[in-house]
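Below is one structure, written out as structure tokens, with a few remarks after it.
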Amino acid sequence: MQNFSEPAFRVKHPGLTMASLLLGAFVGMFSETSLNIALPKLMIVFHTSTAVLQWLVTGYMLVIGIVLPLSSLIAKWFTTRQIVIFALLDFIIGAAISALAPNFAVLLAGRMIQGIGTGLILPLMFTIVMQIFPPKKIGSIMGICALVIMFAPAIGPTLTGLILAKLSWRWIFWSFEIFLVIALCLAVTALENIGQPTRPHIDLLSIIESVLGFSGLVIGASLSSLDGWGSWPVLGSFAVGILVLIAYVIRQLKLETPILNLRVFKVKAFTIGAVLVMLDFGIILSAMYLMPMYLQNGLLLAVALTGIVMLPGGLVNALVSAFAGRMYDSIGAKRPVMIGFVIAIVGIVMLLLTTDHSAVAYVIAAHVILMIGCPLAMSPAQTSALNALRGPASSDGSTILNTMQQIVGALATALATSFLELGRHAAAGSQAMRFTSGVHTGLYFTLALAIIALIVSFALPKQSED
């Protein structure tokens, strides 16, 4: 019989171990949104367009999305200490490269190196804390982990705005180092190995296919901002990405131990929930990319004020996320998800009604409404998806959701950039008016995602079926 007062694996310093992992995960998630607010400034510094600069966001998320599904395999080949210490060192080196970057190419290389560290730390954090704390404490511990994951991207734009108000953009990355060095010291002194490596067979072809397939889609979406949707580079990238991903899916379905267990998509309730989570994540990431562009280039707000304007929405996002999951227990997923997407649509429409002279209070209200709707739909949809799976399939489903969130986030950011550039170049008037028009074009893409999500949510099972 299971002893709920004893952990599955006893370690000397579970608190310090958890602190090390939480700090690493915090910086990883903070980094995911922190650069959004710095992009307008970096456009001037590196004399480049949003179409090129958005790779600092999409490239980072693409690497995380590629590494995440490999984390389970990596954990079977290397010890816990080796992986965590490598991940933290990797992030420290990547952040230092970005902080010292003499040009955009080096800055981007540093960002993509950081993505490797985040892709390893995030899944390991949840796996390790599940084993080093007793079952009776797992609920509260996982709640702390989830709160950190939600809070970090919520305050990212605000802290970045405050940094840029007084210091160089390079200090964004130097600020990472403080937390990462502390995390590394804790890992070196307190972290113990959990389990032993078994070194199973590595299907190299699957890894190559996933890298080429996901990269092809994101590169195609990114190039559309520069070359247009009908250009050969864009069409070629999409064709390669789609064809390779089809081959990847076929291979995963045939393998006895696939890297991603795609058989879980045979469960209808999981598929519906997963699609809704992907759409919701696309809404959030595209909106969080477009908002700083509008505030700084449309309303011409200072970078510090931009961060402050985005803070209420970010905090509301974290707070709503914290309690939205409980709604699933009482009323199921369907109603909160549908209500969430309706609220999100209202927020997006309000943002579409802005001009280059809109009141800041109105923009804050629209952003807050959007940030109420998105997490209200996200948590119940995710819970509904994972609850549809049983046993080991639940872990497979979680890996798929985490992986696809990063890939969809990269795609959504790239597509939002493409539509922003399309709208900006088609508009007339002052630079502020053109940027506002471009942001509106990008928001129409965000609105389309929200409407599709609302329609899909009708397919969710009712509470009695959940």
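The backbone N, Cα and C atoms fix where each Cβ goes, glycine too.
Per TrEMBL, the features are:
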- 17-465: domain 'Major facilitator superfamily (MFS) profile' (DOMAIN)
- 51-71: transmembrane segment (TRANSMEM)
- 83-106: transmembrane segment (TRANSMEM)
- 112-133: transmembrane segment (TRANSMEM)
- 140-165: transmembrane segment (TRANSMEM)
- 171-191: transmembrane segment (TRANSMEM)
- 203-223: transmembrane segment (TRANSMEM)
- 229-250: transmembrane segment (TRANSMEM)
- 270-292: transmembrane segment (TRANSMEM)
- 298-324: transmembrane segment (TRANSMEM)
- 336-353: transmembrane segment (TRANSMEM)
- 359-378: transmembrane segment (TRANSMEM)
- 442-460: transmembrane segment (TRANSMEM)
Feature contact check the transmembrane segment (270-292) with the transmembrane segment (442-460), CB under 8 Å, 3 or more pairs: yes
Intrachain neighbours beyond the transmembrane segment (171-191), with Cβ under 8 angstroms and 6 or more residues off its ends: 12-13, 16-17, 19-21, 23-24, 26-27, 30-31, 34-35, 38, 80-81, 84-85, 88-89, 91-92, 95-96, 98-99, 110, 114, 159-160, 163-164
Paired segments the transmembrane segment (298-324) and the transmembrane segment (140-165) in contact, 3+ CB pairs under 8 A: yes
Distant-in-sequence neighbours of the transmembrane segment (83-106), which means Cβ under 8 A and at least six residues beyond its ends: 20-21, 24, 27-28, 46, 48, 52-53, 74-75, 112-118, 120-121, 124, 170-174, 176-177, 180-181, 183-184, 187-188, 191
